[in-house]
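Just below is one structure, and these are the notes that go with it.
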Amino acid sequence: MRLVFAGTPETALPALHQLIDSPRHDVIAVLTRPDAASGRRGKPEPSPVARAALERDIPVLRPSRPNSAEFVAELSELAPQCCAVVAYGALLGDALLGVPPQGWVNLHFSLLPAWRGAAPVQAAIAAGDAVTGATTFQIEPSLDSGPVYGVVTETIRPTDTAGDLLGRLAVSGAELLSATLDGIAEGALTARPQPADGVTLAPKISVEQARVRWELPAPIIERRIRAVTPNPGAWTLIGDLRVKLGPVYLDAAVKPPGPLPPGAIQVDRKHVWVGTGSEPLRLGQVQPPGKKLMNAADWARGARLDPSVRAS
């Protein structure tokens, strides 16, 4: 099939490469978000998907208003049979959705109807789900509600960050998307409506929402930190210093101190503990402002934290 591929971040690259290399499909163009400021100088840089497409001599479409009449006409002139979407990053209007005769097929990183929205992987980890997956479905105007073509499942490991899990889903999801498009091209695949029950939402997580709330139970905090790693990144105030947090540990490998009030900090020779709404959590790595991630105990000793300083 003649395909237009819509995607923006690195997460979309496995699917893009799979479709470019497929002998059954022809990626005639890539649709991605406009170049965005990057680095300290704020120089506009193309998205990972744009860079990958340009390296393969595939035309790149970067409309600032993808639902404008002008862009709908531009896409229509390309005459795609189907459009494949992986993390494009913009809502698609009715006119745009009506361009390809086989519609728009989205790869979403959850087992729909669970975790509709921008942050499904983060939501699954934070909720303590044991299993998640990826779903291909026909895009409709309403959010992630279209009929489903196929799914693939993935176990959530106890130490998975959102980055870890998304990396695996991007690869398995690429296979699923390719198989889905093969089935559509053959006329052998029919989408089925999503169940009405089991709908949950996963809106984008803000930087403020990634701030650790130490009054919560330790297991919830541990999951939430993994859920926002690497982006937007967990953080806390230690005194008046804003510190990013790497992994935290709730295990039997190291004996924790006695009970600590939420936010209270205890430092020994090898470890840093912070009190929660239940048992203390052990910090693995921290990133003070302007520095790289470092061992939490090394940082705490060097910073000579006052015993009265708390995390908040």
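Cβ from N, Cα, C; glycine included.
Feature list (source: Swiss-Prot):
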{"type": "BINDING", "residues": "S110, L111, L112, P113", "note": "(6S)-5,6,7,8-tetrahydrofolate binding site"}
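Annotation for L112 ((6S)-5,6,7,8-tetrahydrofolate binding site): spatial neighbours T135, F137, D144, V148, V151, Q194, criterion Cβ-Cβ under 8 Å with sequence separation of six or more. All chains included, 20 other C-beta atoms sit within 10 angstroms of the C-beta of P113 ((6S)-5,6,7,8-tetrahydrofolate binding site).
Remark: of the binding-site residues S110, L111, the most isolated position is L111 (fewest other Cβ atoms within 10 Å of its Cβ). Take the mean position of the Cβ atoms of S110, L111, L112, P113, the recorded (6S)-5,6,7,8-tetrahydrofolate site; other residues of that chain with a Cβ within 8 Å of it are H108, A114, W115, R116, P120, G133, T135, D144, V151, Q194, G198.
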